[in-house]
Amino acid sequence: MKKPFEVIAIIGKPRDQQAIQTHRELYQWLSTEGYQVFVDDRLATILDDIPQEHFSSLIELGKRADLAIVVGGDGNMLGAARILSRFDISVIGVNRGNLGFLTDLNPENFQSALTDVLKGEFMEEERFLLETEIHRHGQIKSHNAALNEAVLHPGQVAHMIEFEVYIDDSFAFSQRSDGLIVSTPTGSTAYSLSGGGPILSSSLNAISLVPMFPHTLSSRPLVVDGKRRIKLIVSPDNRGTQEVSCDGQISLPVSPGDEIHIYQSPNVLKLIHPKDYNYYHVLRNKLGWSSKLF
């Protein structure tokens with residue numbers, strides 16, 4: 001009987017010793033189980049007991065592996081997702097971070113849960129990403145993707161900025177605020193939630209627009225269909241340089257008068273979970289949301 005996964009990638013970056021030990025234990029255990037295992041080359045100097053030919057770049061891992069195991073917190077998963085979503089590869093996480101909303105597996109007993117996953121006992125869901133383009137004088141000046149959110153904000157100095165929002169080229173609203181969070185369902189439990197945005201079920205094909213400290217009494221978050229294209233036109237009268245932040249990890253400079261185009265990526269992240277995964281249990285467990293009264 002053919003295994004669901006033959007080639008497995010272990011992904012992470014140098015962190016604390018506990019995380020490094022988890023990488024090492026994963027490699028040894030998977031190799032013993034007969035899998036072909038490759039490791040993120042950012043760990044090559046730390047894990048010097050692993051043969052050098054077993055290290056590859058993130059792009060090469062995406063091409064070669066059937067399954068990627070991301071060790072770390074949600075930040076590691078977000079960084080890996082922007083690249084791995086380009087390839088036909090399933091992804092699961094071992095939590096070595098703080099919240100671990102996207103990384104399901106407990107590092108203390110990952111073998112038990114992974115054994116079932118490697119037998120094919122798992123559930124899979126596709127999480128879409130957002131593509132963000134900065135247009136200046138009719139040309140694309142910069143571009144990146146985000147699994148959680150794309151955020152227009154003033155940059156290093158907090159002050160209000162002015163911009164207009166268009167949905168499928170139809171004017172929606174204008175705003176003076178500290179910025180705007182454009183979030184996927186995956187990101188709805190992250191920065192968007194802190195900004196007062198709605199929690200979107202992870203399977204929804206929807207995008208939320210959450211104003212940041214709007215200078216009005218009537219502004220509210222807006223949820224639109226996931227296939228809609230969002231265009232933000234930054235006022236030419238804004239002071240200084242603004243930015244668009246992708247997942248809080250990539251910054252794209254924005255000048256007054258620029259257009260920001262945000263739309264659903266054609267790529268998806270194939271995220272897998274153990275069979276007993278329950279989204280609402282994660283909400284309660286990680287966010288302390290709506291515990292049962294009786």
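Just so you know, glycine gets a Cβ as well, placed from its N, Cα and C.
Going by Swiss-Prot, these are the annotated features:
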ACT_SITE  D74  active site, proton acceptor
BINDING   D74, G75, N148, E149, H159, R176, D178, T189, A190, Y191, S192, L193, S194, Q249  NAD(+) binding site
Q. Taking just the CA atoms, what is the gap between S192 (NAD(+) binding site) and the residue listed as 'active site, proton acceptor' in Å?
A. 15
Q) What Cα-Cα separation, expressed in whole Å, is found between S194 (NAD(+) binding site) and D74 (active site, proton acceptor)? A) 16
Q) For the NAD(+) binding residues given in the record (D74, G75, N148, E149, H159, R176, D178, T189, A190, Y191, S192, L193, S194, Q249), what is the largest pairwise C-alpha separation in angstrom? A) 31
Q.
Say we define neighbours as other CB atoms within 10 Å of the CB. Which of the recorded positions D74, D178 has the fewest?
A. D178
(Q) Can you give me the Cα-Cα distance between D178 (NAD(+) binding site) and D74 (active site, proton acceptor) in Å, rounded to a whole number? (A) 25
Q.
Using a 10 Å radius around its CB, how many other CB atoms surround S194 (NAD(+) binding site)?
A. 11
Q) Got a sec? Which of these binding-site residues, N148, S192, has the most Cβ atoms within 10 Å? A) N148
Q. For A190 (NAD(+) binding site), which residues of its chain lie six or more apart in sequence with Cβ-Cβ distance below 8 Å?
A. D74, F101, N148, E149, S183
Q) Near the Cβ of H159 (NAD(+) binding site), how many other Cβ atoms are there if near means within 10 Å? A) 11
